[in-house]
Amino acid sequence: MAVVRRAVAARGLQMIAKPLTVVPGFDVWPGLLDISAQRALVEAVLAGAEQAPFSNYRTAYGKPMSVAMTALGSLGWTSDARGYRYVDRHPETGRPWPDMPPALLDLWTVLGDPETPPDSCLVNLYRDGARMGLHQDRDEADPRFPVLSISLGDTAVFRIGGVNRKDPTRSLRLASGDVCRLLGPARLAFHGVDRILPGSSSLVPGGGRINLTLRRARTA
């Protein structure tokens with residue numbers, strides 16, 4: 001995982017200094033992670049999934065999600081008839097979540113919050129046909145902490161709006177190696193993934209997109 005740290009140190013600082021601000025509080029660093037760093041992260045995620053398998057959770061209304069999910073870190077997000085929440089063990093295996101790779105902690109220190117580490121990394125696996133409807137990330141205890149998102153694999157058509165569901169939205173493509181951040185006025189903005197572009201990357205075995213989102217779920 002040192003390759004990710006080198007990517008940040010050697011070629012990330014210039015990009016970090018000049019993000020693309022899509023809307024106030026939503027910044028994108030296109031191509032921040034080089035291909036070696038991307039491969040290292042995919043390898044770490046898939047190794048973690050052997051301990052905490054991907055699952056297609058159901059919404060609180062009983063509908064299965066098209067996106068398969070797991071997590072890294074001390075907490076993972078889950079959904080069922082009881083609602084949406086963070087838990088300290090995989091809901092199916094009962095085992096603790098795998099550790100978060102140090103490289104992700106390094107990225108958070110630079111782009112997230114240098115004083116308070118993340119306690120959860122949600123791992124979303126999008127295969128062909130999967131999507132994520134517009135939603136807010138509001139299950140965390142303190143929204144002052146950002147959400148840091150890393151795209152790996154196939155390009156996603158990402159959509160972001162405002163803090164109200166009916167606010168106008170705009171879409172952009174997030175490619176493998178792109179990193180983005182929701183912070184401040186955009187922290188509770190509605191956002192989602194309309195679709196992925198199958199075959200736009202060969203990074204993820206079997207095709208698809210892996211999205212990593214670093215969060216601070218509980219109060220510091």
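Note: Cβ is positioned from N, Cα and C throughout, glycine not excepted.
Swiss-Prot annotations:
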type	residues	note
BINDING	W77, Y84, R85, Y86, D139, R165	substrate binding site
BINDING	N124, L125, Y126, R209, I210, N211, L212, T213, L214, R215	2-oxoglutarate binding site
BINDING	H135, D137, H191	Fe cation binding site
DOMAIN	117-218	domain 'Fe2OG dioxygenase'
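Rounded to the nearest whole angstrom, the C-alpha distance between L214 (2-oxoglutarate binding site) and D137 (Fe cation binding site) is 12. Mean model confidence of the domain 'Fe2OG dioxygenase' (117-218) amounts to 97 (pLDDT, 0 to 100 scale). Comparing the binding-site residues D137, D139 by how many other C-beta atoms lie within 10 angstroms of each C-beta, the top residue is D137. Counting only residues at least six positions away in the same chain, the Cβ atoms of L134, F190 sit under 8 Å from the Cβ of R165 (substrate binding site).
Around W77 (substrate binding site), a 10 Å sphere centred on its CB holds 23 further CB atoms from the protein chains shown. On a Cα basis, D139 (substrate binding site) lies 21 Å away from Y126 (2-oxoglutarate binding site). Most buried of the binding-site residues I210, L212, L214, judged by other Cβ atoms within 10 Å, is L214. The two recorded residues, D137 (Fe cation binding site) and W77 (substrate binding site), show a Cα separation of 11 Å. In this structure, the CA atom of H135 (Fe cation binding site) is 16 Å away from the CA atom of L212 (2-oxoglutarate binding site).
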